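Annotated features in TrEMBL:
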- 20-47: transmembrane segment (TRANSMEM)
- 59-79: transmembrane segment (TRANSMEM)
- 122-144: transmembrane segment (TRANSMEM)
- 165-192: transmembrane segment (TRANSMEM)
- 237-255: transmembrane segment (TRANSMEM)
- 261-282: transmembrane segment (TRANSMEM)
- 294-312: transmembrane segment (TRANSMEM)
- 324-344: transmembrane segment (TRANSMEM)
- 355-366: compositional bias 'Basic and acidic residues' (COMPBIAS)
- 355-389: region 'Disordered' (REGION)
- 375-389: compositional bias 'Acidic residues' (COMPBIAS)
- 411-453: region 'Disordered' (REGION)
- 441-453: compositional bias 'Basic and acidic residues' (COMPBIAS)
Amino acid sequence: ALSMLATTVGLYGIPWCKKSLLLTVLMSVIGASMGILDTGGNVLALNTWGAEAGPHMQALHFSFAVGAFVAPILAKMALGSSESKDLPVVEKTNQSVPRSLPTAAAASATSALKHRLGADFLWSYVVIGTYLLLVSLCFFVLYSRGSSARDKSKASLQKRVLAKYHYALIGLLFIFFLCYVGAEVTYGSYVFTYAKVFAEMKDSEAAALNSVFWGAFAACRGVAIFCAACLYPGTMILLSIIGSAVSSSCLAFFARHPASLWVGTAVYGASMATIFPSGISWIEQYTVVQGKSASLFVIGAALGEMCIPAVVGYLQGRFHHVPVVMYTALVTSAMTVLLFPLMYKLANCPGESDLKEVSESEDRKALLSNSRLNEDEEDEEDAGEWNEADFEVIEMNDTLRNSVIETSRKIAGDSPGKVSLQPHLDDVLHDSPVAAGGSPGRKDVTVEREKND
């Protein structure tokens, strides 16, 4: 909620900036808030759905892919509509103005075009910022009502145990995401230039090739939402790295053929789609993923997104005849192929905590079995003592009953009136523990003996 609120402030302020320093500050605020959103969104999905977060994680990153695919198209449509409306005015002005004043006409037409484009982009920023503000308010409402859910998530995290090689897994996954995201952004940024320079395509064909890459990327993430419900995250990662390795090999060695370039680009985009969300879901099965771990994943992805395209651009400028972009895709795919089996091996190593839990459970079973045997023996001894006490009390009660009956007969024979002592006798017997169905203790037996004496 806070990250989207900061993004809203930046979007509202950008159209009114007239100084480069202020624009730089606002763009930095938006970049930082989006980094927080990447981290918090992934952790929130894991804390909310736990082991069932696979499809939800794929849906989260599918929304990112759709936005990245649709936003440039919408911006181009808005820019193209504004230019198409203003270009006829510019041509008419140039035709009606004398030859001696071409500069004034061009300047006025350019200023009108800038004003129109500025108004269109202003509304674009305002609409997107308002949408983010509404979503931010929704998250604030959910946060205010989600205290019990947060307590449950904290309790569940406390019950989880870290993997034996927790920090090694986090470090390897950091490098894994650095290579993956760097390769993804590098190919999506330079495939247009590669198509024009090396494949000698037209601008429209190169743009279509770029759209094929991002379109396959977004479509495969949409399909992965349903595949995550029936496939393990490790299986999806394995299929993705195999597809990226095969497609990058074809692109590195056969990219000059148009058919190989088109097919390889589509397969490469589809293979890269599910690695990031599947990687987070996969590591969460073996160890605890909290804010620090997720932030390291996002930092690794951001470093790959920032550094690898810069290095590729520098090398491509130095070596014009070498397809550096395709070789970079091949090298990063080879890195992911090597890293994932190593991470899988470390994740499945039994930890000391697991061994302790197994030994403790066995000791508990043994102790429980011994205690149950002792309790059974004690119960049998106590039952025997209670039975002996019951028989003694029953015998004493019979003696007491006979003595009371004889006494009552004597009194009844001596007195002229008939006095019934049977109710009192029944009350005495009913008040005794044996008549009530209970079992007296040893102290009660001693008291009965003393009274009888």
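Cβ atoms here come from the backbone N, Cα and C positions, even for glycine.
Automatic, uncurated: that is what TrEMBL annotation is.
Note that the structure is a prediction, hence the values are computed from the model and not measured.
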Listed stretch, out of 122-144, 165-192, 237-255, 324-344, that has the most CB pairs under 8 angstroms to the transmembrane segment (261-282):
237-255
Using Cβ atoms only, state whether the transmembrane segment (237-255) and the transmembrane segment (122-144) have three or more pairs under 8 Å that are 6 or more apart in sequence.
no
Candidates 122-144, 165-192, 294-312; stretch with most C-beta pairs under 8 Å toward the transmembrane segment (324-344):
165-192
